[in-house]
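Student: The structure under discussion is supplied below as structure tokens; questions concerning it will follow.
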Amino acid sequence: MARPNKDKLYIQDVTLRDGMHALRHQYDLAATRAIARALDRARVDAIEISHGDGLTGSTFNYGFGAHDDAEWIAAVAEECSHAVVTVLLIPGIGTVHDLKHAYEAGARSVRVCTHCTEADVSRQHIEAARELGMDTATFLMMAHMIPPEALAEQARLMESYGAECVYVTDSAGALLPEDYTARVKTLRDALRPETEIGVHTHHNLTLGIANAVAGIEAGAVRVDASLAGMGAGAGNAPLEALIAVLNRKGIDTGCDLYALMDAADDLVRPLQDRPVRVDRESLSLGYAGVYSSFLRHAENAAQTYGVDTREILSELGRRRMVGGQEDMIVDVALDLAEAKAAVA
């Protein structure tokens, strides 16, 4: 089930999945339904819902969710008459069994995510999704960490397993527009014409929209965004602002801009217990090239051990830590605290 309208950009909302990170995975069902209803009425193409770290991400390592994935998925599915219900799956966290449960709960699209050098672990999940008849896209996360040519090699693997779309995923919000252009163009040249390319950006260097536009102009046909930028770190490309920019550029999205503005201000911003914005901590994520969902974990560790969040993030970047290594955040904080005590 690939993108139905080949003449229109595919708008994938991630407010209820990436936005989970901003709320420590605590969306209640009433808010979930209200946001999904508003997005569906605004005519976005797809709405992603699951724990921030994907199916079965509710763990000690990543943070426990307010509900299980099936409850969230069913709540969104009940509100959608237009948008496709989408889930995220990271091999090693979620399983094929979890994907089948998500399908039973109402999901009809999945993004299978791996680190940018580990596409080979995605095969069974991609094949299972295709067997279920799901729209099957993939993420190559932390895409800033390898050159475009190496990223294209990984994308070809995902394509060979059955991926219908491969996303250039800037998990750290570290890429510049020219970096996005190079990666999308390289993938476009490497993949079959029918294999689509998507862009998933973060706003840590305030480039979420600029990078999305650069990716679209380079050949991407799917784009992720979230209401009020609700997502990990400084958030994703703000959906309402992105649609305004695309409207100005004459790019058809089919979305109701004012309805998205209203949903961002009336439904999403009031939920934020920590503002989703570019500040000294979230800016440090993009500058150091650190996985955006590390932010709140690093802030907790900084408070516990009396060190600067920026120092933790900088050291994580120096050590080239990636998603799944959240346990190392405390180790880094302890190392910094010990070094600080030694010179006191």
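Here, residue 1 is simply the first one shown, and the rest follow in order.
Here the Cβ of each residue, glycine as well, is placed from N, Cα and C on the backbone.
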Student: If I go by Swiss-Prot, which of Tyr287, Tyr291 binds substrate at the same site as Arg17, Asp18, Ser171, His200?
Tutor: Tyr291
Student: Using the recorded Mn(2+) site (Asp18, His200, His202) as reference, state which further residues of the same chain have their Cβ within 8 Å of the centre of those residues' Cβ atoms, listed in sequence order.
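Tutor: Other same-chain residues with Cβ inside the cutoff are Val14, Thr169, Asp170, Ser171, Gly173, Thr201, Gly208, Asp224, Ser226, Gly231, Ala232, Gly235, Asn236, Ala237, Ser292.
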Student: List the other residues in this chain whose Cβ sits within 8 Å of the Cβ centroid of the substrate site residues Arg17, Asp18, Ser171, His200, Tyr291, in sequence order.
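Tutor: Those within range, site residues removed, are Val14, His21, Gly52, Phe139, Met141, Thr169, His202, Gly231, Ala232, Asn236, Ser292, Ser293.
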Student: So, in DSSP terms, is Arg17 (site 'Transition state stabilizer') helix, strand, or coil?
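Tutor: Reduced to three states, the DSSP call for Arg17 (site 'Transition state stabilizer') is coil.
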Student: Reported as an integer number of Å, what is the Cα distance between Ser171 (substrate binding site) and His202 (Mn(2+) binding site)?
Tutor: 7
Student: Going along the chain, which residues six or more apart from Asp18 (substrate binding site) have their CB under 8 A from its CB?
Tutor: Glu48, Gly52, Asp224, Ser226, Met230, Gly231, Ala232, Gly235, Asn236
Student: Measuring Cα to Cα, how far is His202 (Mn(2+) binding site) from Arg17 (site 'Transition state stabilizer') in Å?
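Tutor: Answer for this pair: 14 Å between alpha carbons.
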